[in-house]
Structures are given as C-alpha cells and as structure tokens.
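Listed in TrEMBL for this protein:
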| type | residues | note |
| --- | --- | --- |
| TRANSMEM | 6-27 | transmembrane segment |
| DOMAIN | 18-250 | domain 'G-protein coupled receptors family 1 profile' |
| TRANSMEM | 72-91 | transmembrane segment |
| TRANSMEM | 112-131 | transmembrane segment |
| TRANSMEM | 151-172 | transmembrane segment |
| TRANSMEM | 205-225 | transmembrane segment |
Amino acid sequence: MESKDIFQLFVSLPALVINIIALVVLLKSRKLPYQIRILSLNLCSADCLSSLFLCIDRRAFEIISGKILEKYFLILIYAQTSLIFITYFNLDRFLAFMFAMKYYNFLSATKVKIACALAWAVGPLMTSLQFCAMSYVDFCDKVYTGVASAISEYFFFAIFSSNLFMFAYIVYKIRVCMFRVGPTRLSASRPLCHQLAGQRTFRKIVVITGTFLSLYAPGMGWTLIKPFVSNSKVVLYMNMCTDSSISTLV
C-alpha cells in the first residue's frame, strides 16, 4: 500500500466509524424534529459511503475494472451528494426563520423524503458531468465536455452561493432570536431539555456549514478564475500589464 493510500485510510477509517455510530444513534433517537432526523440519516449515509470507498485500496479497483479512476468517481458521487444534504439543512433553517408557522404547515415527512430522493439522483448526475469535464474516459464519449463543465460548475456555484447567503442569515438569527428556531405548537409541548437539544443541533449545523464553506471556497475560487487563467490571450494581456507596471516603477 502506497503512502497516499495509507494517509487516505488514516483519514477515512475514523470518519467511517464515526458516521456508523451516528447512524445507530439517529436510528434510536426520537427527540429531534423529523426533518432534521431524516436529513441527518441521509447525510451520514452519504458520508459513510464516501469514507468506505476512500478506505478501499486503489489496486482493488484496478484488479476489478482495470481503472483506478472509478474509486475517485464513486467518492465524488457521495461527497457531492452530502453537500446537497448540507444545503438542505441550511434551507430548512432558513425557511423556518423566514416563514415560521407557514413553513411548518407546508412541511411534511413525505416531502422531506422526496427531497432526499432527489438529492440521491442529482448528486450522481452532477458528479458525472463534472467528472466528464475533468477526465476523458469511455462513458464520457457522447458528452460534450464544455457543456458538462458549464452545467456542473454553475450548479456547484449555486450551492456555494446559496449556502453562503443562508449561513450569514442563520448565524444572525441564532444570535438575536434563538428561541424562534422551533415550531411554536411543538415547542410548547416539548420538555425544556428537548428544546435545548434542538438548539444545540442547530448550532452544530452552523458549525458544519461554516467548515464546509471554508473548505469549498478555494475550489470555487479556482473554478471562477480558471477560464481566465487557461485563456492564452488573457494570460498574455496580464503579462503585458505586469511588465508595463514593472517598467514604470523602475
């Protein structure tokens, strides 16, 4: 096993164990609001699968299919799907703050499950388009890489931008009116310890989102500047401007 695989195992194995434990706890827990519980179960499942494929040695994929790219393709599928579930978390809190009881009257467990099923479909689709834009492999032969790249980049830019906006709004609301997080008709019948547990959960979601945004920002920044960097005319123009500036200073 190469040093790169050992490092991946060192990172992915604890993540796999933690997410399995979280799944067991969530399956037994009935204290959380149903939408938080359903989204948490799906998020942990996606993280478990991405950690599982990250644990597997690349040579196993090479023996089975003759290609090691499939490992990273499968990891990306479930990692990108987990990003969609994180977006769902923020969207749930954002709508709860914005519309209060109107949102909870509209929301139902069935609608949350349909949204989760949609995430499991959209995640692999967007990842396939992104993968085709980055790699030239057999199943991408009939896909226009330019179109695939544009669709995937716009999609993930929309995810990043929406999370950034909702993150700022949620942090503001949590600081000034935390008592409005839970639905009124349920909070009146809940014990105080359950309400506090829900508030702690929302704070943890904010921390998770902040971490996600900080890790995702460099990649998104590169995605935005990549077309300009890869354009030879733009690079030539930038070099000319730099040379002229240096000449002026000298």
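Along the chain as shown, the residues are counted starting at 1.
For all residues, glycine too, the Cβ spot is worked out from N, Cα and C.
Here the transmembrane segment (72-91) sits apart from the transmembrane segment (6-27); fewer than 3 CB pairs are under 8 Å, leaving out pairs fewer than 6 apart in sequence.
Per-residue pLDDT, averaged along the domain 'G-protein coupled receptors family 1 profile' (18-250), amounts to 72 for this model.
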